[in-house]
Amino acid sequence: CTVIFTRLATRDLHKPISILFCNLAVSDLFTSFSGFWISMLFITDPDITIFGSKDMLAPYALYTTSILSTIYNLVSIGIERYLAVAESMRTRFRVARNHSIAVVFISWVLAFFLGCLPLMGWNCLQAERSISVLYSPFCVNYLVFIAIPNVVVAFIVPLFTYLRIIIILRKRKLRMQACSQATGTYRSAETQVARSSISIWLLALVSYAPFFAGVVFDAANRRCHVDLYPGVYIFRNCTAMLITITCLGNPLLYTLRLRRLGAKLKALRCLSASRVPACAI
């Protein structure tokens with residue numbers, strides 16, 4: 001909420017990256033709200049969070065939707081940062097405000113569609129054979145369909161984009177060295193990008209890897225709920241806590257650190273535009 005109100009108050013939403021930051025904050029807000037909803041259901045009736053109930057479909061669907069939206073936002077921010085850095089190199093595509101709005105709209109539509117599939121009928125209220133043990137009354141095949149491709153995207157795409165940013169900055173630094181120009185700005189930006197990207201990737205890895213492991217365990221396990229109580233459900237709750245911690249870490253990593261990083265990259269684009277042509281001459 002602080003991120004949303006701050007950006008609305010400063011009228012900073014004209015920047016494409018600010019739209020993605022604000023949307024990420026909205027996704028984190030939905031994640032926190034849905035997690036609180038599930039916690040209240042556990043307090044009032046713990047059995048329905050273990051054995052499943054029709055009342056769990058709506059909060060689980062909102063929880064899934066918010067997590068998917070967060071993943072799509074993380075991927076979109078990584079791609080936008082890569083395009084911002086590569087803009088002055090060889091690509092002519094520039095991310096505009098309309099592009100960010102379109103990405104936000106598409107990500108929410110896709111997240112709502114995939115997250116609300118259990119509400120549309122893909123649940124195991126009637127079919128007990130394929131019911132999930134950790135997230136009843138979700139079906140195991142639905143969780144596998146949702147978790148595997150999206151978790152892979154959350155790991156691979158940001159890793160690729162931030163590695164490409166570091167490689168581009170390294171090439172620029174070597175080019176400036178060949179021209180006998182100062183490279184302190186490039187070295188500082190490269191170090192800052194490397195630290196930020198590693199922090200972002202590790203936060204996603206620590207947050208979503210246990211959830212992915214739980215889905216794999218759920219798909220391979222065929223025992224009933226009572227046999228797995230309480231250890232497996234403690235692991236499920238810890239997984240939910242890690243995802244909530246991600247909602248707290250995202251504003252620190254993206255809103256605070258990447259604001260300085262954006263100014264640094266803007267300075268680098270101006271630097272490369274002024275010095276590289278002179279060097280070529």
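For all residues, glycine too, the Cβ spot is worked out from N, Cα and C.
What TrEMBL lists as domain 'G-protein coupled receptors family 1 profile' is 1-254.
Residues or ranges marked as transmembrane segment by TrEMBL: 17-40 (among others).
TrEMBL lists 60-79 (among others) with the feature transmembrane segment.
The transmembrane segment annotation in TrEMBL covers 100-122 (among others).
Under the heading transmembrane segment, TrEMBL lists 142-167 (among others). Within the chain carrying the transmembrane segment (142-167), a Cβ under 8 angstroms from the stretch's Cβ atoms is held by residues 64, 68, 71, 74-75, 78-79, 81-82, 85-86, 114-115, 117-118, 122-123, 132, 135, 190, 193-194, 196-197, 200-201, 204-205, 208-209, 211-212, 215, 218-219, all 6 or more beyond its ends.
Feature annotation from TrEMBL assigns transmembrane segment to 200-220 (among others).
Positions annotated as transmembrane segment by TrEMBL: 232-256 (among others).
Most Cβ pairs under 8 A with the transmembrane segment (60-79) among the ranges 17-40, 100-122, 200-220, 232-256 are made by 17-40.
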